[in-house]
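Engineer: According to TrEMBL, the record shows the following:
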SIGNAL    1-33  signal peptide
TRANSMEM  352-375  transmembrane segment
DOMAIN    423-706  domain 'Protein kinase'
BINDING   451  ATP binding site
């Protein structure tokens, strides 16, 4: 009996081990047979129409960024200004939908049903755009089309890109001009296709003086088709219609009207923590989206890639799909009665060993966790010490390698602690995403500003270290001067010259703790010139070149004589020609900067160039002319972005209304002329395509020319 008991004691654990291993392999095989864990499901059909993912008709299906409406068995697409259009077809393969244009408001008038909304305007923040397959007929246009410049406005998220066609008799010249690499002809001649349409399908428009035809350009960011200044009251749209051919052939009907849109494939789901991704996908981590500031998405783990069509994490082309060993939590119930009858003593032994095994497992897991915690803590402490040593060594090497002739040095922790009164809040003069800035008085009486990263802010530490690297490379009167850094305190510190007169932003827009005297027009020009000189030095004279990447009015400091000093190089990049493609002066990097100042082409393509700084500086020039903030949510919704607001005012020929009233009040004729010239320069800096923007050196030269005009006027007086 004892031998049998001993036999069972050895046999049962072995059987359990083998059974658990087999169960594990069974789950692994079962997991391979199951579909991957997916996001929200596809929405149900709407009447006869299939609603493919990611289109969403409700809060529990599809991707909520792709909302459409299902009403009475029909699908509707909602545009801005309350417009709604019937969806006539959906192609999930090409990600395209076709809308039905509204048509005329009545059978006796040549006015579109949505004329009050100026045509179709999509929300630029949603993933829909107008394709290049649309031929638009503009109807009931006034003769103003032949007397003024005509603007086909296709709006972009940050700016409005436009090309203008000058009239020549009854035709427009420049019809073959390329727009974003695609032909975009506008034909207002008597042979235009729109006249054929009016004759056969829109008799109320026959008495209208003018009509035009054009083909949409198909840019991925095009979201509006609108006419400004032409006085058109109606439009019609066709998909796949050739505007250069007579349509339809004699005896045949015109094709159905339609306006084609395309949706961008969805990104990974938005998340806040890794828990969100575990619940949704199980194969991803919650990481910052490099294309969207402040946004996080579930980023697929190594060896996997996101499949936006079926909304799952899939294996990439080089690797087979990885799946978890278990597709779900398995519950094991060991019962005393099974289909295989066991003797009672075996069952008792089985229960005993199961309970004993469970207890041992719990103790083992607890010990393993405790050991892991202790090891992790020890590892973190070691890593922390190693990082601190590396930072100290790197800063010492950078300062010792400083070849600019400036006397940068290493400050001791005792010096800095005493100079800031132990970092007293009374000496705090500024805060930001990187950390804090304190005013400090050194032992020799020198007043300095000390930048300190926030506790546990590794990004702030990296930015401060980057700023040391940048400022040790440069020496210019319009760039803030680095005095040194401190390497023996826990947090990294930068010590640089104290600039006492605040920032350009505070002088233009005010501050809560101090009242500033308004800047005169000549002083603003001088500040603009000094800033442009400093940036031109970074782009052209520094070796290697440097791109600032965060040019804005709050990073332009003013000294006691109101001279400009460019500051905050935490996001700047040294241009390494070995990392640029084909020796072109751009760097591929995730978009960083400040909204309202960020170059839209850099934001879209991740190509950082010197022209990215030029765009940001163009926004600063607009601030100096208007005294309006780059982003201001107190303005109307469509005017929040200063660049878009100014573009709208330019289209309405109301630009002078945007000039700072304090400038207009004291400006003479020459002042107004130079204000207009600086506005034109700002417009050139803000050109949608970076190839068409001036260099920073050219910008500085142009501002110097404007200053000389004012100087000559003073001399003559």
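Just so it is clear, glycine is given a Cβ too, placed from its N, Cα and C backbone atoms.
Curation does not apply to TrEMBL; its annotations are automatic.
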Engineer: For the domain 'Protein kinase' (423-706), what is the mean per-residue pLDDT, to the nearest integer?
Structural biologist: 83
Engineer: Counting every protein chain present, what is the number of Cβ atoms, excluding its own, within 10 Å of the Cβ of residue 451 (ATP binding site)?
Structural biologist: 24
Engineer: Helix, strand or coil for the residue listed as 'ATP binding site'? Use DSSP.
Structural biologist: strand
